[in-house]
Amino acid sequence: MEKDIKILAIESSCDETSAAVVINGREVLSNVISSQIDIHEKFGGVVPEVASRKHIEAISLVVQEAIKEANMDYEELDAIAVTYGPGLVGALLVGLQYAKGLSYALNKPLIGVNHIEGHISANYIQHKDLEPPFLCLVVSGGNTFIVYVENYGEYEIIGETRDDAAGEAYDKVARAIGLGYPGGPKIDKLAKEGNENAIKFPRAKFHEENTLDFSFSGLKSSVLNYLNTMEMKKEEINRADVAASFQKAVVDFLVDNTMKAAKIKKVDEIAVAGGVAANSCLRDTIVKEGEKNNIKILFPSIKLCTDNAAMIGSAAYFQFLKSDFSDLNLNAVPNLKLNK
């Protein structure tokens, strides 16, 4: 019988400090998350310096709690995994330095994990029988991609944003209509009270005919222009209609391109990953389109959509099998790309 691989994973790329113990990439023994949302809400967005300081305060306790919840000793671990990018450099360094210290002190291999790969791997935890190849729509505050997962750790990017990520556009529009941070959940909630067909916000058009790329900066500008025009005319702004119409434009763009990619790649499974995968409109719309096209749609749980260390532990397991380890010179790479 093969030995179980137990990995302690650490995630600190933005405003969540998280540690988890994951067995064989799919079984989560613990997944402790310390969120800073309440702190950053006052500032209307994540303040990098504040995020780094809060990570420093939380990380020891979070790691200790993850080990305790897993009912395990440090010596039983097979490896230490950590997010090294993309993300905020100061925030990444906190998790990275802590993981390096553990790796050195315990004499356990260190595994540097790409945060985007972690989001994709959250689906392996939720869906125990999911195996490549499949298509994955990765959509979060910092990233928007359509990825063909050829094998574990092997990816082909089929479409990506050329400017703002979808989650970034949500945050900016939420700020403009006075909802504050975090924009995604607040727009999702308000949109339920609005008419999604009330305002026609345009979708980006590209010169290249067959591209599956995204662009959200023009859509964001259209919303801002609409708000300015209404204010100049001194007309009342229905915030729920703005939220619903904006959300429909984003979700339709995401789902249309993903379905086109599925046809090109002839896949019968699409996984969705990243913070925006928690969005109720995106979930409903892509499931309906999946049913029409006979494609199975997979999501992680809401907890696994947002930043967490369990997904990092899952991705790390498949790197462990390839002996894809890092040395103690591993550094934070804030603009890290997904390996193609």
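Just so you know, glycine gets a Cβ as well, placed from its N, Cα and C.
The Fe cation binding site annotation in Swiss-Prot covers His115, His119, Asp307. As annotated by Swiss-Prot, substrate binding site applies to Val138, Val139, Ser140, Gly141, Gly142, Asp171, Gly184, Asp188, Asn279, with the evidence given as sequence analysis.
Using a 10 Å radius centred on the Cβ of Ser140 (substrate binding site) and all shown protein chains, the other Cβ atoms total 25.
Here Asp307 (Fe cation binding site) is positioned 12 angstrom away from Gly142 (substrate binding site), judged by their C-alpha atoms. With respect to Cβ neighbours within 10 Å, the binding-site residues Gly142, Gly184 differ, and Gly142 shows the lowest count. When the binding-site residues His115, His119, Asp307 are compared by Cα distance to Gly184 (substrate binding site), the shortest distance belongs to Asp307. With respect to their backbone Cα atoms, Ser140 (substrate binding site) and His119 (Fe cation binding site) stand 9 Å from each other. Comparing the binding-site residues His115, His119 on other C-beta atoms within 10 angstroms of each C-beta gives the minimum for His115.
Note: the CA-CA distance between His115 (Fe cation binding site) and Val138 (substrate binding site) rounds to 11 Å. Across the fold, the C-alpha of Val138 (substrate binding site) and the C-alpha of His119 (Fe cation binding site) stand 7 Å from each other.
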